[in-house]
Structure formats: C-alpha cells, structure tokens
Amino acid sequence: MNFKTENSTTPNGDWSQSKAFTNSGSSFPVLNGTCELDQENLALSNSGQPESIFTQDSGLHGIDVAAPSDITDLNNQSGYQYNNNLAHDLYFTGSMEMPTTQHPYITNTNNHLSYSNSSEEFSPIGNNMSPDSTGGANSNNFTSGNKRKASNESFSPLSGHHYGTESGNNNNNNGTSRSSQSSSHKSRKKLLDEKDAALIARDDSELTEEELQMKRKAQNRAAQRAFRERKESKLKELEAKLLASEEERQKLLDELEQIKKQNISIATENEILKHNGMGNINNDVQIGNLSSYGRLQVDKFNFPKTQKDFIEHVLQGTNHQLKDENKDKVYNDNQGHKLLALGAVWDYLQIKAEEADLDFNSIDFNDVMEKLKGNEKCHGYGPAYPLELVNEAIESSLN
C-alpha cells in the first residue's frame, strides 16, 4: 500500500511527528481498535531521524494514508498520536507505549516493513495491540504485553459434538419413535373400528343425515376390511397348499430317482445273466459235438410245442418228405406190424402222457425224436415208425 501525505511542505512528502495521518483509502483506519492489517499487529517506532518510516513509495499492502492537518501534542506525551478533533468512532487517539524489546517489525533501507520470525513472543497472534477495553476516550493506550488467549468458546471440530453417541441416540430415538407411531396407529385404528361398529349398530331412524352418511362410510370400511381379511386368509391357505404340494413333489422326485437307479441295477444284472446263459449254451453245444453219440445236444427246454414243430424237427437232416394228407395215417405193413406216421406219433405221445397221468413236459421229446431218427419205414405214405419202437422210446425217456 502506498502512503500519501497532504499539506506537506517537504519535497518528498515525508511524514513527521507534527503531522497526523489518516487512512483515506479504506473504511477502516490503519490503526483501529484491534490494530489489524491482514491479521497482523504493527508496532511503530520514532527514531527521530528526518527519514520517515512511511514514504510515498513505501508499500504497505496497497492502502493509501494521508495526513490532512497538523495534530497537537497532548499532555506533552511522547510517541505517535492521532488527531482528537476528528469526530469519528473508528479513529483512535492517544499515546502509544513502545515495547523495550526487539520488535518483530523492523525497517530496512528501502523503507519497507519486514517481519522477523525469530521469536514467538512477538508473533502477530501473540501480541495484542488493541487498546484497553476498560479505559475511556482519554485512556486508549496500546499494550503489547497482553497475549490473546483462546476462550472456551473457540471453535473445535469436535467441541460440543459427540458423533458416535448422537448417532446411537438418533437410531434409538428413531426406533422408539417408529414403535410409538405404530402403537398409536394401532390404537387409533382400534378406536375407529369401535366407533364404526357402534355407529353401524344404531338404527337409521335415530340418525341424522350426516350420521347416516357416516354410517354408510363405516359400512363400506367394514365391508372392505372383511374382504381384505378373507383375501388374506385365502392367500395364506393357498400358500400352505403350495408348500405342501412342493414337499410332496420333492418326495415323488426322490422316489422316482430311486426307482430309476433300481431299474438300472436290474437291467445290468439281466445283461450279466443273459451273457452267462449264452456262454453255458455254447459250452453244451461244444460238449455235445465231442460226445460218443455224435449228435447235436439241444437244451431240454427247447422241445416242440406243436405237431408241425415235431414233424419238422424229426425230418431235419433227412431226405424224407411227408404230405399233409398222410401225416396222421396209421396202417399195417406186410407182416402185420402197425406203423405210425409222424403226425400219428405226435398224437400217440399225447395220449400216453394223459394215460400215465403225467405232465406233458415230463416226456423228453428230444430223446424220443433222436431214437426215432433213422428207423423210418416207407410204404408210399411217407416216413412211418413201428408202434413197438415208439413205445420203447417213450419208456426210455421216462426212465
């Protein structure tokens, strides 16, 4: 800031003790009640030198200072004084005591103020340059020994605030308020239901038009409430049925899975048994080929079921042919021996089984057929077998 002097007779406009200065560039004077320039306290000294601390070129934060007129020395007190004739509350007048110790603000050859950080005692915050608050207009002296102390009301981020406690208290208060609101709502609803019931129970002839309208509204509310209750009851019933059906469905799925596993096990066992059975049949065939009879052994359960199967099985591997009209023929040869065609042999076997009260499957037809092969008699009616040979084959198969 630049300091300018008015009514100056010196060439450079230097400021002296006989001249006062004011701050014309700001609404606040340079030295007001708190003597704050950018939150810093300024200590001035008069060295008695013709050079002024503040010159026209002196820079003090861009604030212009002017001394409009001379000031008088009050009570012959030393130090810088301010004009008492200026009738303004913001101007300070009186003497200023200078500190005896080294000032934090010193002047250099360029007439600029500099601040020394050598001591914390004279820091701008440590020194209180404000006038005595208890003194009147005639005792506004500056004191530098008083230091500003932090009051109990100074700002602190956590002063007066207990965030965790308040948060817990707020949550508890919210829960309490919600529960109280819920209980109050239930009590109001119950009271309203009782009023509606009492109003509905009254006779229409006893009610006024307004009360009749209120009764209709109460009836509507009661009907809606009953509908909601039925709906909720039905919904709960359906939910219970759905839950039961889901449980039953899960049980059925588990049983089905077990049955599938059992089927797989049974199918595997059947395949193993089938494979073993085919192996046994092949072994029987091989043993039959090596037998002394030199004939193919057939499983005893593979016997013919019909007359046709019996005839085909007997004629298999021979050159004989049997006509259908001669298959059941029974006749005598030249020596008087009775001969039976293949069809007649089948019927005779059935008769013998019935006479002996035997099961049809008890006769080994394979053995009978093997004994009959090669003993055919031909007389123009196809292959035929003597009755004596057939009886011998039946007796041998039964034994």
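Residue numbers in this text run from 1 along the chain shown.
Positions of Cβ are set from backbone N, Cα and C atoms, glycine also.
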(request) Would you mind telling me which of 59-66, 235-242, 347-354 Swiss-Prot tags as region 'Leucine-zipper'? (result) 235-242
(request) When you get a sec, could you say which of 215-234, 275-294 is annotated region 'Basic motif' by Swiss-Prot? (result) 215-234
(request) Looking at the candidate ranges 1-21, 22-42, report the one that Swiss-Prot labels region 'Disordered'. (result) 1-21
